[in-house]
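Asks: So that we are looking at the same thing, I have put the structure below in structure tokens.
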């Protein structure tokens, strides 16, 4: 996926101008795996300035793995510690994050980050899921309300304006828009977060919202593949089953056929059991589900080579009732996701230890890790100060 020049420039600006290293020596953390992310330890790390394809050769195995993690942070100190000590690829601004992190601390954390630019992500859909409402002018309308009351162009303009406010704060990734197709009541798990029950309407309005974010220099992430709209429940509370794959192809999956072609864009895979596709595994941990997304074979879509994110692996019972965070992270990477997402930092040392063990044991191929690192590097764009 080609990373647009404008988005790369904005990413560099957010990270400020810091020195880069062109050396080929792999980087690594000098902290022990048992160190707490809450205790910052200054670990100088050279910036990696190669083209994306050359980045894996510059990183230690642990730093490669760290680039595949995005974790929720409580506050600036928590973010500083996990970035400095463990060089994680990204942080998530969640419902529990102290928003004073945007008072200047975030810019310092980004400037002093790891070998690649730090991804700063958020769930900012508008409506009832609006993490930044106090900073960007309120919640804004829900997706359903937008589709009922605005034109496609108006939705693009709204998303661009909100995206610009997010970009000024330092946000680089928004886990939006919701691409689920549903007519479920507003207050259900997806409900009014969806643009509607007609796949064509969802495609048009979600596409406009995603383009508005791109216009602002924020990466949109489509969710929740392969479709939560007709799921049996709420994956926050337990396992969720969708209709069979054959039913999803003509409905829930329709928007992805178009929207995955509109790069740059990411896709979040949901914790959804899909008869005829995933067996008893949720899609987020299923090789078959990620392969469906990657190849497009089976639902009439083109191949997708952009970044694939898991849904939250720590705070949703569809996963946490079955696996600890370390095992869930390993399984989502084994399935082919590029980026494992969860909402706390305390598990990071144990996760990295487990992933390194999996590399040594051949449970997780280094070739797959390298491919994901290249996708992550492409998504982030060039390091600031690297002369590009």
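We count from 1, first residue shown onward.
Just so it is clear, glycine is given a Cβ too, placed from its N, Cα and C backbone atoms.
Swiss-Prot feature annotations, pasted as is:
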type: ACT_SITE; residues: 236; note: active site, proton donor/acceptor
type: ACT_SITE; residues: 311; note: active site, nucleophile
type: BINDING; residues: 123, 131, 193, 223, 224; note: substrate binding site
type: LIPID; residues: 20; note: N-palmitoyl cysteine
type: LIPID; residues: 20; note: S-diacylglycerol cysteine
type: SIGNAL; residues: 1-19; note: signal peptide
type: SITE; residues: 234; note: site 'Important for catalytic activity'
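Could you tell me the structural context for the features on the list?
Replies: Taking all protein chains in view, 15 other C-beta atoms sit within 10 angstroms of the C-beta of residue 236 (active site, proton donor/acceptor). According to its DSSP assignment, residue 236 (active site, proton donor/acceptor) is coil.
In the three-state DSSP reading, residue 311 (active site, nucleophile) counts as strand.
Here residue 193 (substrate binding site) comes close to 125, 127, 128, 129, 142, 143, 144, 178, 180: these same-chain residues lie at least six apart in sequence, with C-beta atoms under 8 angstroms from its C-beta.
Taking a C-beta cut-off of under 8 angstroms and a sequence separation of 6 or more, residue 234 (site 'Important for catalytic activity') has the following same-chain neighbours: 188, 189, 240.
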Asks: Within 10 Å of residue 311 (active site, nucleophile), Cα to Cα, which of the binding-site residues 123, 131, 223 are there?
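Replies: The binding-site residues passing the 10 Å Cα test are 223.
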Asks: Taking the Cα atoms as reference points, how far is residue 236 (active site, proton donor/acceptor) from residue 224 (substrate binding site) in Å?
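Replies: With distance taken Cα to Cα, residue 224 (substrate binding site) is 13 Å from residue 236 (active site, proton donor/acceptor).
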Asks: Please work out the number of neighbouring Cβ atoms within 10 Å of the Cβ of residue 311 (active site, nucleophile), leaving out its own Cβ.
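Replies: A 10 Å sphere around the Cβ of residue 311 (active site, nucleophile) contains 27 other Cβ atoms.
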Asks: Out of 131, 223, 224, which of the binding-site residues has the smallest number of neighbouring Cβ atoms within 10 Å?
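Replies: Relative to the other binding-site residues in 131, 223, 224, 131 has the fewest Cβ atoms within 10 Å.
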